[in-house]
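Following: one structure in structure tokens, then a few remarks.
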Amino acid sequence: MSLSPTLELAKDLIRRQSVTPDDAGCQELMMSRLAPLGFSGENLRFGETDNLWARKGNNGPVLAFAGHTDVVPTGPEKNWAHPPFDPIIKDGYLHGRGAADMKGSLAAFITACERFVANHPNHRGSIALLITSDEEGPAQDGTVKVVETLEARNEKMDWCLIGEPSSTHQVGDVIKNGRRGSLHGYLTVRGVQGHVAYPHLAENAVHNVAPALDALAKEFWDNGNDFFPPTTFQITRVEAGVGSNIVPGECLVHFNFRYCTENTAESLEERVVAILDRHNLKYDLQWHLSGRPFLTDKGALVSAAQNAIRTVTGRETELSTSGGTSDGRFIAPTGAQVVELGPINATIHKVDECVKAEDLDTLSEIYEQILVELLA
């Protein structure tokens, strides 16, 4: 049975074992399809990360597609029903690491471009792709560096469509028009190490920090708003002790905020410090801001995505800001409108990752219709 161009390309991409930060030739394959359409490609390598900025056209407005070729590790391959880098279509599903996150989306957008350019050779504006091999990892040498490069030469994106797997039950039923911020805290609480039989000669760091952690876990941070759910606080790691007969003199605690626009990173940091200080702790605290929250309100890009989904599938879509962070956090501050639209996310990062094969063809049609809405 012959496969659609989208599915053939998705399989070719999945065969390339591009575990972060290895691109494994994916971007070269993509560029081989884009160049005949009139795209010029620029390879931007930072550290061990390969990035591609491909563009067709010199004028605005610019519709960019952002995505990543890297995938998360597979874990023991013996746990997979099918080899993760030997894609197979079985019972209507395309199986393989990256099928949903996000090589299926990459293939869908490229084939959408092929059809759009064939039907609209004199389209207005420009089409661009920002592709990285460092999204699933530290994300330090990927999209953020490309954005910095583009800004330094005053090259702007008006709209950015990110191919992250946003859908829940049916392709296109959810699009992300924003994301919460992510703030990490790394807390070290100091006590005095000693023998468990002589606690009066020691100071248990775990006992000291426990009431403060309880207070942080019970703290009401905010109510959320019309666009974002309430801010959440989660303790992600607690480490202490070097032996069963030793009072721990130090306790390490890692925690994370997923926060909405009712708070800022700075306001959360201040409130955490105030709670810790109320408990008279001896501590060190370091912060890492992974990304600030962003929101794309209803406008040209959101409307184009909604109209495209309605035209292709006949269904209305839900706007959502739930889920984890994405590279949209690096693009939104440039002023570009940003939405995420991709396949169903039920199996992402899991053993036996898969996506319904026909969904990738549907997604390609939606992407093509977005191009029509904005640039035809």
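Numbering starts at 1 and runs along the chain as displayed.
Placed from the backbone N, Cα and C atoms, the Cβ positions cover glycine too.
Going by what Swiss-Prot states, the Zn(2+) 2 site holds D101, H349, and the candidate of E136, E148, E151 recorded there is E136.
Of the residues proposed, H68, H123, H195, the one Swiss-Prot records at the same Zn(2+) 1 site as D101, E164 is H68.
Residue environment of E164 (Zn(2+) 1 binding site) contains 28 other Cβ atoms, counted within 10 Å of its Cβ in all protein chains. Within 8 A of the CB centroid of the Zn(2+) 2 site residues D101, E136, H349, the other residues of that chain are V71, V72, G98, M102, I348. Residue density at H68 (Zn(2+) 1 binding site): 32 other Cβ atoms are found within 10 A of its Cβ, drawing on all protein chains shown. Taking D70, E164, H349 as the recorded positions under consideration, the smallest Cα distance to E135 (active site, proton acceptor) is found for D70.
Among the binding-site residues listed (H68, D101, E164), D101 has its Cα nearest to the Cα of H349 (Zn(2+) 2 binding site).
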